[in-house]
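First the structure, in the form of structure tokens, and then the observations on it.
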Amino acid sequence: MIFIDNRQNKFDVTEELTTKLEEVISFVLKEEKVKEDCEVSLVFVDNEEIRGINNETRGIDKATDVLSFPMIDYPEDKVYKDVYLEHEFDKCYFDGDELILGDIVLSLERTKEQSIEFNHSFEREACYLVTHSVLHLLGYDHMEEEEKARMRGREEELLGKLNITRES
């Protein structure tokens with residue numbers, strides 16, 4: 001299940017946008033071979049709120065585009081499909097029958113700024129950032145160059161399969 005919580009008032013959150021982002025989340029989970037029913041929360045905020053969360057959780061006092069809060073730990077250089085395809089999770093990882101993957105916090109204000117900066121649509125930027133964040137929930141990272149190349153390649157591959165291009 002995908003929970004969407006709009007905690008900002010600078011942008012209208014349309015049903016079209018939420019439906020598209022739900023489709024992106026579901027598609028990425030399927031492509032990454034997540035078989036369990038899952039729970040992902042997607043929270044929309046503005047730059048001020050994401051700056052506060054970023055400072056509180058990471059000690060970085062500036063706004064960012066998206067933050068990911070995975071509930072599952074991953075061994076170094078491993079992602080969900082490398083480790084957990086046949087894994088039996090403890091019941092503490094579930095809400096009812098759904099595996100809790102984690103939370104995504106997305107600044108719609110920063111999303112809009114970046115869509116202008118990168119000269120593509122707001123929807124394309126939101127889809128990219130949500131794809132990026134779901135991959136973080138599944139263990140992908142970009143701290144090292146090799147990890148970054150793997151993650152960026154996977155992002156582009158997934159967005160391509162969804163026909164979400166930089167021209168979108």
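Placement of Cβ uses the backbone N, Cα and C atoms for every residue, glycine included.
Annotated features in Swiss-Prot:
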BINDING   HIS132, HIS136, HIS142  Zn(2+) binding site
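Sequence features, as recorded in Swiss-Prot, placed on the structure.
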| residue | record | Cβ neighbours (10 Å) |
| --- | --- | --- |
| HIS132 | Zn(2+) binding site | 22 |
| HIS136 | Zn(2+) binding site | 20 |
| HIS142 | Zn(2+) binding site | 16 |
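One way to see the shell of the Zn(2+) site is to take the Cβ centroid of HIS132, HIS136, HIS142; the remaining same-chain residues with a Cβ within 8 Å of it are SER68, SER133, LEU135, TYR140, ASP141, MET151, GLU155.
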